[in-house]
Amino acid sequence: MAGGATTGGAARAETYAGVRNWLLLPSWLVLCILVLAPIGIMLVYSFLTKEFRGGVIWEFSLAAYDQFFCDRGLFGDEPCSIEWTYITIFWRSIWQAGAATLLALLIGFPTAFFIATRPERSRPLWVFLITVPYWVNLLIRTVSMKFLLRDNGPMNDALIGMGVIAEPITIINTNLAVQIGLFYSYLPFMVLPIYAAVERFDFRLSEAAADLYASKWVTLRRVVLPAVRPGVIAGCILVFVPSLGAFLAPDLLGGAKNFMIGSLIEEQFKGSAGNWPFGAAAAMILLSMVLVILLISARQSQRSSA
Amino acid sequence: MKRLMTTAAAFAVSATGAMAEGELVIYHWFEYIPQDLLEKFTAETGINVTMDTYDSNESMLAALKAGGMGTYDVAVPSDYMVDIMIGGGMLGEIAEGELANAGNMQAAWADPSFDPGRKHSIPYQWGSTSFSVNRDVYQGEINTTDILFNPPAELSGKINMLDSQGEVLAMASIHLGIPQCSTDREQLKALNDMLQGAKAHWASFNSDNSKDILVSGDAAVSQIWNGFGAKARNEGANIEYAYPKEGYVVWMDSVVLLKDAPNRDSAIKFMDFLLEPENIAAVTNFAQYSAGVEGVSDLLEGDLATQRESNPPADAGPGVFVQVCSEEVQVVYDQIWTNLKK
C-alpha cells in the first residue's frame, strides 16, 4: 500500500512548495467548523444553567458536573456523597466496548494476516469483501442482527437443527448481544489497519528468526508483533472509541434496559429530562476519557518506533 | 428503519408535485398517517408535502427547541405536550373563523383542557395506552396492571415497556394508586422502589418496535398504544388488549400550528383537510385509533367500530391523561427514570 511513494517524493514536494499552506486550508476549515466549534459549544453549555424541558439559561453553573459526581438522594437535598450511577454507566460502557474490541482483535488479527499473506493479485479482492457489509446503513445492519440473534431466529434454529443445543439460547436483550453488535459493526476498522501493517512487514525477518532457531511463538512475539504493533493499536482505538459512545446497539440489541454513555447522553436531549447542560457535561467527560486513551497510545507508538 | 422509509416516502411525495403551489413541512409521529392521504392533499391543493417523523413527544420537543422552529409548519403532539408547547410559546394562533371546517369537531374534543377553545390545534386521533398480552403464553386474567409490574411467572422476562418516561411512570402511578406528579415523598419513594423491583421482570424498553416484537413473539407482553396493538393483532399475533381495572392512560393527539410556521397558509389548508370526515377517517382506518371529528363512524373499515382496542368494556378502570408535572416533581421523576435504567 505505502510502498513506492518514496521514489520521487522529494521532487514532487518541491513542486507544491508555494501552495503547501493552502492545501491544508480545507482540512482546517472542516476541523474548525465541524469539530472544534461543536466541542466549544458543548463545553460552554456544560457550564450553563439548565432550562426546564430543554434549552439553557445563560448563567454560569456547575450543577451539571455536581449532578455527575455527587449523589444527593432522590430529592436532591442530602449532602454530597459519591454518585455511583454514572460511574456504573461509564464502567459498563468501557467494559462493553473493551469486550467488543477484544472480540474484534481475536478475529480481526488472523483475518488480516490471512489477507496479507495471499498472493498480491488477490489481496484487493479480500479487502473488498471485508468492506462489502459497509455498503448497508448501520441501522439496517443492527436491526438485521436483531433478527438473526433472536430466540426463534435463524441462528437458534440452525443450532437446534444441527443438534448443538436443545433450547434456544437467549442472546437478544443481554450484554452479549450488545458486544456482538458492536464487534460486528466495527470489525473492518480492526482488520484494515492491521492488514496495512502486516502487508508492510518483511517476512524475510521471520525467516531469519527461524534460521536463528526461534520457535514460531517466539518469532510471532518478538519479531512480528513489535513490527505490526502500530496497526494493532490503531485497530483497537478505531473499534474501542466509537463503541464507547454507541447507542444503536445498546438500544436495539440490548433492549435499552441499561444506559450506556451514548444512550445516557441521548436521553438528556431527546428524553423528558431535557437536561442539556448535563448531557453536555457527560459528553465532555467522555471526550476527556477518549483524549487520555489517545495520548497514552500516541506515547506507546512513539516508544515502539523509537 | 421506519424513519428511513418515511423520509424516502417524503421525497417521493415532493417529486410528484413538480408544479408546486406551495410547500408544507410536517413533523409527525412515525407510521401514523397513510402516504395516500398526503398524496391526495397534494393532488387537491398543489401543495408539496415534506414529512419528518419522531418516536416520542419529548424527542419532538427537543428537536424543535434545538433549531427546528421555523422549519416545520405543523406537528402532532399529544395532550400534555400541547399544554407544554403552549406554555413555552411555541404555537401559533388560529384566528376565529379561519378554519372552514372547525364546526366538524366533536363537541367532546372542541374545548379540551390542554387547549381551551382550540386556539392552536385541531383534534387528530385519540386512543389509549395499555398493554397487549400473548394468549398462547398466558391464559389467565390480564385486566390488571400486575401483568406489567408484578407479573405471573409465565410472563416474567418477556415484557416490553414503552421507552417513554411519561407513559411508564403514569402507568406505574396508576398501579400504586397514587396521583400522578405526586409531591408526597413517601409516594415517590414507593414509586421508585416498585419500579426497581418490576425491572427484573422486563426484557426491554422499546416504542417503535412494540408492535413487531408482539408479532414475532419476541415479547409476550408489550405496553402499547391501542391502535398499534390492533395492528399487531391484525398481523397475526394471538394477543389481547388489556383494560386494567386499576385504570389506563388515554391520550389525544392534536395537529398544532407551530409559531413561525414558514407556510402558514398551507398549514391552515392542511388542518381544514384533516377536519373533513373522509380524510381523517383514512387516518383512523390506517392507524386504528379514533377520530375527533363528526361523521367518521360510517366510513370506518373492517371491525374498527367494534374492535376491543377501540371500545373499553364496561368494567374497565378509569382512563386518565398523562399529567404535566411541576419542575420540582419532574426532577425527581428524571431521577427515578435514571435509577430505573442505570
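The backbone N, Cα and C atoms fix where each Cβ goes, glycine too.
In TrEMBL, annotation is done automatically, which means it is predicted and not curated.
The feature signal peptide is assigned by TrEMBL to B:1-20.
Annotation source TrEMBL lists spermidine binding site at B:Glu31, B:Tyr80, B:Gln323. Around B:Tyr80 (spermidine binding site), a 10 Å sphere centred on its CB holds 20 further CB atoms from the protein chains shown.
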Subject >> For B:Gln323 (spermidine binding site), the number of other Cβ atoms found within 10 Å of its own Cβ >> reply: 16
Original post:
Taking the Cβ of B:Glu31 (spermidine binding site) as the centre, how many other Cβ atoms fall within a 10 Å radius?
Top reply: 18
Original post:
spermidine site residues B:Glu31, B:Tyr80, B:Gln323: biggest Cα-Cα distance, Å?
Top reply: 25
